[in-house]
Amino acid sequence: TVLQSSSSLKASYEDWLLTYGLSVSPFHMRWQTALFNRQFYNWGRWKPRFLYLWFSIGMVFGIVAMFGSVILLGKTLMQTLTQMLTEAPKAQNDRVLQVVVSVVSSGLPLRNCFVLLSCLHKQVPGVNLPVSQLAYFFSAILISGVIHEVGHGVAAIREQVRFNGFGIFIFIVYPGAFVDLFTTHLQLISPVQQLRIFCAGVWHNFVLGVASLIVLFLLPAILFPFYYTGVGALVTEVTEDSPANGPRGLFVGDLVTSLQDCPVYSVEDWNYCLGDITQKSQIGYCINAATLQQLSFPARVYRRLDGTVECCSNNSLTDICFSYSNNLDSHSHACLPARKVIEASQVCRTNMDCQKHFVPSLCVTPSLENQTRLIRVKHPPHIDMLFVGHPMHLQYTVSLSSFVPRHNFLSINLPVVIETFCKYLISLSGALAVINAVPCFALDGQWILNSFLEATLSSLIVEKQNRELVGFLILLAGSALLAANVALGLWMVTAR
């Protein structure tokens, strides 16, 4: 009785899943529906001549992308191997192509094998992707997959292939999409028609990436009625552990206008200025010779382990050791109150930079540990923030936007959300286009390659078996190339 009840419950559960188009298995959940079939047919029959031209361009792009993806993955593999053998992993902001995740394809010829890589971010959820970015990451994956499959579906209907349904799936935590086409119809149409269908997904991902890039480029013009740019970098977030946090630090809503003598008109300027400050030696500040004598006080001078000089008490939170050269070119040191020396002072490199007035002045330079910088951050109308530490700590713990709201009721985060989402779409949609174009088993590249060989080698290689052998060898090589990139890419990410 228990077995019969269990079997009955299992059968009713399976019937319920089948009724709603659901399929559940370990690590994989899928939903398929015919609700959107009419919409797909409307799209596939809209302006046939335009769609013919559109998907013909996509066919050419897909073929070019197939060869280009092999070159790109080969170059990436060589760079990764060279990096592994010659030196330690590069900084996180280096733009090395990294494979992120592979989701195994199932069943249908056009089921999207969701292989993603991030060219700009190198992000893996749970490894180096911030929790705050998860919504962008998964939304961009899902939208890229849906646009990819819409391309396949519309192209198939345009070529008179029966469209059975559309669906989405979740593999572990990664979302994706697929279309269900009638395989017999696919096999009956010509290789060129097949190419238009198989290349449509890659083509649509490319178009989505370009569209996102255009939106990102035109965003200042799009948001011009509500936000203005070119006046500074607006602080949108300061982390709790940030060295910029504090009563005289930065606050949300502050507008940063300069770092040292480097003007800041946008976030790009902020990043450039911090990079420039990191690469160059510490800048100095002009101070009146009489004021220098007045502010300085006797202090014990000693050298740190890295060779730099310290002349202030370790317990001091306001004083900094400064070095300077007198007229006899001998180096001297003085422990001075940092804010009194730096505020309203002209920056300098040598004493000659300070001789613009008849008042004797000297160029005093903070004597800090290597890689540590004293940075004056202007954010009027507040007093300048003085930051002591590595410039990258300031860059990683302070979030900014180039867009300043014209009205108080406007959100300071909206432009940041749009910018970030566009960047994710560019990265992930572009990555999906590149990887799906690779001539690899279970990817779009497999069907693109097979149709391409049938369309071009039928007259040169008469026997179909020989053409299939050529295709199999190419697919084997492409699969090995992709697998090597996946393995090394994941190893590089986790090793860091």
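Even glycines carry a Cβ here, placed using N, Cα and C.
All annotation found in TrEMBL is predicted automatically rather than curated by experts.
Regional average pLDDT for the domain 'Peptidase M50' (136-476) in the model is 91. Under the heading domain 'Peptidase M50', TrEMBL lists 136-476.
What TrEMBL lists as transmembrane segment is 51-74 (among others). Residues 44, 97, 151, 154-155, 158, 192, 195-200, 202-204, 206, 433-435, 437-439, 444-445, 448-449, 452, 478, 481-482, 485 of the same chain lie 6+ residues outside the transmembrane segment (51-74) yet bring a C-beta within less than 8 angstroms of a C-beta in it.
Within its own chain, the transmembrane segment (129-151) has Cβ neighbours under 8 Å at 40, 43, 58, 110, 112, 114, 116, 121, 123, 166, 168, 173-179, 200-205, 208, 420-421, 424-425, 427-429, 432, 436, counting only residues six or more beyond its boundaries. Per TrEMBL, the feature transmembrane segment maps to 129-151 (among others).
The transmembrane segment annotation in TrEMBL covers 163-182 (among others).
Taken from TrEMBL, the feature transmembrane segment applies to 202-224 (among others).
As annotated by TrEMBL, transmembrane segment applies to 424-449 (among others).
Residues or ranges marked as transmembrane segment by TrEMBL: 469-493 (among others).
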